[in-house]
Amino acid sequence: MTGPAPGPYGEQSSSSSLLARYGHATAEDFDGDDQVDLSLDNALLDDDPLDEGNGKAPNTFKRKPKLPSGLALPKFLSQNSNSNQSSRSASPRNLSNLPLPTARSRRLRDVNSNNNSDISLTIGNGHMGEGTSYNDSKDGSALDWYTEGPGRRVGYDDLTAIDWIFEYTKERQRLRYLYSHATGLVGHGAQILDASQIWIILIATGVFSGVLAAGIDVASDWLADLKTGFCRSGEGGGQFYLNKGFCCWGHQELAQCQGWTSWSSAMHVRSSAGQFIIGYIFYFLYSVFFAFCASILVKHFATYAKHSGIPEIKTVLGGFVIRRFMGFWTLIVKSLGLCLAVASGLWLGKEGPLVHVACCCANLLMHLSPSLNDNEARKREVWSAAAAAGISVAFGSPIGGVLFSLEQLSYYFPDKTMWQSFVCAMVAAVTLQAFNPFRTGKLVLYQVTYSSGWHGFEIVPFAVLGIMGGLYGGIFIKLNMKIAKWRKTSPWASTPVYEVLVIAAVTAVVNFPNKFMRAQSSELVYMLFAECANVTDDQFGICKTGAASAGVIILLLEAAVAGCLLASVTFGLQIPAGIILPSMAIGALCGRAVGIVIEVWQGNHPDALIFATCEPDIPCITPGTYAIIGAAAALAGVTRMTVSIVVIMFELTGALTYVLPIMIAVMISKWVGDAFGKRGIYETWIHFKEYPFLDNRDDSPVPDVPVSQIMTQIEDLSVLTATGHTIQSIHDMLVTQPYRGFPVVSDSTRNIHLGYISRTELI
């Protein structure tokens, strides 16, 4: 028979689907009198593993009496220890492939022999071979957590919530069974091996995250530099696979480098206008080509590799299931697509997507440990630690990564998860440091150090940057949501690749004339952060004598405004894209502009009372510090994070002196941003995509409306009574009702609520 047609939310609701689950059953088997159906139910209940010996008891969903206090455990019945059980394999589509326990098969054959019908009912996802029998389990024995029946779980559908209590109870019982059988040297070895599995997975996740981050850094830098030229081989040159930095390694200035060849030089164009046009054409073509390749990979191989992935990770860590979101192809496409998308010059970043990459690594590695892979709650603890590793390699900030996972991502974060996150983030940072992708000893390109301090009068411009960051965050979120809503109903909704091509073309046309927008975001942020005394090759001309002028300030602000508009359009395209680095770049552009204004003011009026604390013959204003504070304020405004941003910025600069100004700017930015709305960009996208996420920090006021306007009348609800059902009646219920689950009530007259049963468990 054909498979069930998908109903709402992907549920299975075909009229023939459930009947097909019962093997050779036909419609005539269920058209007889009710006595036959009731006898079939009683036959099934006779062999119910949850029945405490009374096979004639009616099917009920009422709670059983509590057991006496003490160490006694419920007497569940266990299956054969050789059974291969997995909660994820219990989805409705494969229940029909599982053999029926022998005793129950015999009872069904006895019942159906009188009606000349052969009904084969497959229940649960365990396997019981010939001669297997149900035995009451003693304390410390293995429980059959996967046998279908009242109170049992047969798996989780897509976008459904996990049962935290059930998962942790299952883990406690597994450990109790393990330790009760731990006798002798072999038993203690089994305990040590079981306890070490999670640490092995965490360390391996950190290593793989560091390796992938290093590879993405090197590949994206090479592809990005390919837009402007190539490294020629031969005398004074290098190799084609080297980016501009490695090709010109050892030269103080780029002009002294003979190996790096621009496309205009390769085509022997000498005029300035010709060089500009040739460079413009190659920049445009490569930008569009890289974006096109990234969008093709996402569309045809892994649709979940799009965007940053952080809204989905928040949803998953909140206890919901999203199938295939952290699969093998998602990891491959996310990594390759990230290199191409970053190199295209689009206003996006790789920091947020690296969290998704790290979680994919953890998810694949957990397949090596059945005790982790078969427990949804423990999997989320590992994913929380992996998210910390992703931020650790993105910013070179292990402590900031742990706090990011705690503040932004994780729904349930006990002390042991913090310790596990710290270990995973530390291993990831050490691995990235060992690879040293930039050959400078830095974990990230824009990691800087400051030798100067700040003065009391600078608190005012720092506060102004905080206000600007909050305004940017509020405006960006509203603008991005308007574009996303328009995109959802636009003609481009069915052709996302063409949309990426158009946005990439527009971005390339706008970026190239402005020298601040033409560079890669990581290079731009580094130059804006750096102290001029430490800059050896000033590609943007912001540290040269006389650079502090109105023209440079206008270019900086123009790049910030254009970058905000382009980032709001780009975030949401069908390519891997993060918003953290673009926000930092926009904030750094504004911060550097404000720093230059203060520097010019102090230079023209050095004797003013406000500058009395400045020391003579020493630069009083460091514009790079304003860029750091502007970046932190913009990031706080768009994400509404606080503590983790301060720690990340501290670890980027290593300047403990600037922690207080960063805290002030971040605090003001969050206050101003909250005036536009309490939700950050990630929470806003969760609500836009209608993910089933319940924010435990949501302090929205309770609406003052009558209960009758919110609650549904009992007559309008689709409910199941606890007793009196036949297979046919449940089958009809599933066929006619598309819901994911049903409330269970005592009877149709009193309607006392007893519990809830999901559609999957009914099937």
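Cβ atoms are placed via backbone N, Cα and C, with glycine included.
Unlike curated entries, TrEMBL annotations are predicted automatically.
Since the structure is predicted, the reported quantities are computational estimates derived from the model, not experimental observations.
Annotation source TrEMBL lists region 'Disordered' at 1-135. According to TrEMBL, the feature compositional bias 'Low complexity' maps to 78-94. Annotation source TrEMBL lists compositional bias 'Polar residues' at 111-123. As annotated by TrEMBL, transmembrane segment applies to 198-216, 277-298, 328-348, 382-406, 418-438, 459-477, 497-514, 552-573, 579-601, 626-649, 655-673.
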Kindly say whether the transmembrane segment (418-438) and the transmembrane segment (198-216) touch, using the definition of 3 or more Cβ pairs under 8 Å where each pair is 6 or more positions apart.
yes
In the same chain, residues at least 6 away from the ends of the transmembrane segment (626-649) whose Cβ sits under 8 Å of its Cβ atoms read 391, 395, 397, 399-400, 403-404, 406-408, 448, 461-462, 465-466, 468-474, 476-477, 525, 528-529, 579-580, 583-592, 594-595, 598, 658-659, 661-663, 665-670, 672-674, 678-683
With Cβ distances under 8 Å as the criterion, find the stretch in 198-216, 328-348, 382-406, 552-573, 655-673 that has the most pairs with the transmembrane segment (497-514).
552-573
Thinking of Cβ pairs under 8 Å, which stretch from 277-298, 328-348, 382-406, 552-573, 655-673 has the most of them with the transmembrane segment (459-477)?
655-673
In terms of Cβ proximity under 8 Å, which residues at least six beyond the ends of the transmembrane segment (277-298) contact it?
223, 226-228, 262-264, 267, 269, 305-306, 333, 336-338, 340-341, 343-346, 496-497, 500-501, 503-505, 507-509, 511-512, 518, 573-576
Six or more residues out from either end of the transmembrane segment (198-216), which same-chain residues have a Cβ under 8 Å from its Cβ atoms?
335, 338-339, 342, 350, 354, 357-358, 361-362, 365-366, 368-369, 372, 378, 382, 385-386, 389-390, 392-394, 420, 423-432, 434-435, 437
Checking 328-348, 382-406, 655-673 against the transmembrane segment (579-601) for Cβ pairs under 8 Å, the most are found for 328-348
